[in-house]
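These notes concern the structure reproduced below.
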Ligand code: TYD
Ligand code: MG
């Protein structure tokens, strides 16, 4: 009899190997290989040879009869999914433990159930009593959501196949699900992949929309089953700093809608509250008039979002100065620092640099460069920026300020929130800015902006007591003012 095949599967990327090894050759992670029985999700008996069946090919221009989308009734959630859940689609919601995934989905299912749709919430992690407790706390206990605490995929599919097809099914979480078709333990890549596959098949066949909840590992990936990300139709990630009440739902992949659209929520004692004007929220606790802060007029998806960027530049006692970034790309910060140093004479090599995006937002746009540079120079020169100014523009390696998209939308949002001026690139891409009631200050190169900010600065008192080595690290233009 043939030996039962087993393979070593990387729990990070899903690559399979014949023998154990310390490092996964596919993704480079260490100690991620786990022995799993069976190398295929489908048992051999089912894979028995059979002749293919013929099927009819369809034209691209066909009609699909019923309304494919089902809005959840939470505007911020619908914005991220692209207008609601698509029939027969599978959506993966990832996020750190405790960020509020179960809360969000309890609220969404309750709203849909109240609107008369059949919704089912399957919890593999919590007992029914715990789910009920949460619903009670959210004031949603009366919603006709059908609940179950189950982990067997076969049982779940058998139960849901009976009666009217549910419109929405939540599986919380995919890591707790297991299927009989493979022998690995629940939570392993093989199990998660096979369970997801079975559920996806059920969604396509029945037309129900399924939401899978997935946990995130310490390095921000949806744990183990990156493979699941490829299988599902959309991946949403629920982010936020645990200590802050803001939560951001971001679409990472979406076959039926936009990516880079965000939904903003606030975690309150009564569950998640939707925030329809995020700029107001991100600017609500502004530290007016202190150096090192600049307001960035950004675009998240289709929506302009104003957010405060904070920088602290402090003399370093370390051989290699510290660079700490929260909410922005650290490579991007290094680039801006290098441009400031190379083209504007701002020597930052003797300074620690701390950079933070207020409110727990994560910015991916290159348009944030100019605002970041303004905040950095403002901190170094101890020169508060005008409190009524917003900044945006991309910085190129030559020190030029490059145009960015959607200038009018950024200006309009700034004007709406009471800002009086905007510092922006000289040229604009696309539509020319109508003045929108703001006074516009265009900058062609970073040098002129730096000179402008430094000219208004007052050196920090501590700067006078610095030793000569540190003085050498101070830019010439700032040193003059000290002398
Ligand atoms: P939960 O939805 O269980 O997180 P996840 O499913 O992502 O692991 O949310 C847990 C956190 O949310 C918990 O720390 C408490 C907090 N919370 C509130 O602040 N208010 C609420 O109304 C609820 C239900 C939870
Ligand atoms: Mg949960």
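Cβ atoms are placed via backbone N, Cα and C, with glycine included.
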Between 304-333, 454-483, I'd like to know which one TrEMBL lists as region 'Disordered'. 454-483
Which one of 243-247, 248-252, 253-257 shows up in TrEMBL as motif 'RadA KNRFG motif'? 253-257
Return the single residue from the binding-site residues list (98, 100) that has the minimum number of other CB atoms within 10 Å. 98
If you count the other CB atoms within 10 A of the CB of residue 101 (ATP binding site), including all protein chains displayed, you should get 25
Out of 96, 98, 101, which binding-site residues have CB atoms lying under 6 Å from ligand 1? 98, 101
What's the number of neighbouring CB atoms sitting within 10 A of the CB on residue 96 (ATP binding site)? 18
Over the domain 'RecA family profile 1' (66-216), work out the mean pLDDT and round it to an integer. 90
For residue 95 (ATP binding site), just give me the three-state DSSP call. strand
Candidates 95, 96, 97, 99, 100 (binding-site residues) with CB under 6 Å from ligand 2, in sequence order, are none
